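Asker: The structure is given below, and queries will be raised subsequently.
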């Protein structure tokens, strides 16, 4: 869990925050803003509620408020590689001449191979990408089950993000199905505003997801520094988010954890949706009964535990839009109070917003899901045709031809300036991991390995000669 020691804006910084607001009237009663007033409560422990799936209730992360500057950024690196060992320090200095072997899914039928894998020997599988193919550079994030690293693929020098998750922690939390679903869902997605999975594999102790490295920072990070977004900028960001969520729904996937921390920005300023740890595949006219998400962005039907469908994502999009336009979510307080407000309280819309912004927020933030914008037969088209999006050319937008007016400072593919120094200064050495069950049949992560096909296979066209 992220430490609760957060940099709190002082009075001068608060005044700077207020000065960029389009109207002083909306904030005149909030001159002495506290950090939690702007971004919601500090992290709390998730409570466990009995549902048909393990309850996963996140609190907001406040880890992206203090990046290193571009001027002081240094790319002086120690050559490191990834190593899986019985002692389970999986990131160690690479010793010259040392040979590493790769352990792919130990789910084969050969008992001798399974025994070797369980004894700590790593079995090399020809043509499959594994830990020995990557050189670690920096820590760029941390989650419930492990860390996220900036890595370089040795063969091509391409830069990626590698999400490393400890199996023992996953099993302790009973989250194996979530992790498998994340991997499976990522293999089915191909969209200009969604981070792509490039490779996945596993070793005895850990799971590995290798994804696009997006280094423009988080939407949350830019929102913190700008205070709030102008409507024209928020419109482009929201349109890109709507496009991404619409693609997921067309694929039969709910994201279920849409929030600024899960929306990255690329070097051109486009949004990139990430983190599918709570995503779920669904069938039309069916509901999920799990209690999951991040409290501030949960739809009322999730809080009530009455079952939810893809309409819950559109509520979260509405909360995101509200936060972009006003600087903070509509409901603040302790986790319990926020949940009560989500179910009972009306949302107050600031007067400085346009009538069109009021209309789309009211549509997305309907407490009854069947009345919510995007829940009708036309789905996302209902949102895309809303008058607030008048002027958005959706074909050009999805071709990445509509450029946001803000472009983050990025000095190159390796730049980590938009990541918090609390991560990038962190040691790349990981903590020990307990050994999983010695029974190969108990491994729930079979068929985890994946290599994304080249674009020519994903978008293959036939040519007549």
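Heads up, the Cβ atoms here are built off N, Cα and C, so glycines get one too.
What you are looking at is a predicted structure, and each value in this text was computed from that prediction instead of being measured.
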Asker: With 140, 141, 142, 143, 144, 145, 146, 147, 148 listed by Swiss-Prot as binding ATP, identify the candidate in 154, 163 belonging to that site.
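Answerer: That ATP site, as Swiss-Prot gives it, pairs 140, 141, 142, 143, 144, 145, 146, 147, 148 with 163.
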Asker: Of 81, 85, 267, 449, which one does Swiss-Prot label phosphothreonine?
Answerer: 449
Asker: Out of 194-220, 221-247, 275-301, 302-328, which range is noted as region 'Activation loop' by Swiss-Prot?
Answerer: 275-301
Asker: Checking feature assignment: motif 'LVxCxE motif' per Swiss-Prot, candidates 61-66, 67-72, 73-78, 91-96. Which range matches?
Answerer: 91-96
Asker: Distance check, please: Cα of residue 146 (ATP binding site) against Cα of residue 290 (phosphoserine), rounded to an integer number of angstrom.
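Answerer: About 23 Å separate the Cα atoms of these two residues.
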Asker: Please report the three-state DSSP label of residue 146 (ATP binding site).
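Answerer: The three-state answer is strand.
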Asker: Which whole-number value in Å describes the distance between the Cα atoms of residue 257 (active site, proton acceptor) and residue 290 (phosphoserine)?
Answerer: 13
Asker: Please list, for the region 'Activation loop' (275-301), how many residues fall into helix, strand and coil according to DSSP.
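Answerer: Per DSSP, the residues of the region 'Activation loop' (275-301) fall into 5 helix, 6 strand, 16 coil.
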Asker: In angstrom units, rounded to an integer, how far apart are the Cα atoms of residue 140 (ATP binding site) and residue 290 (phosphoserine)?
Answerer: 30
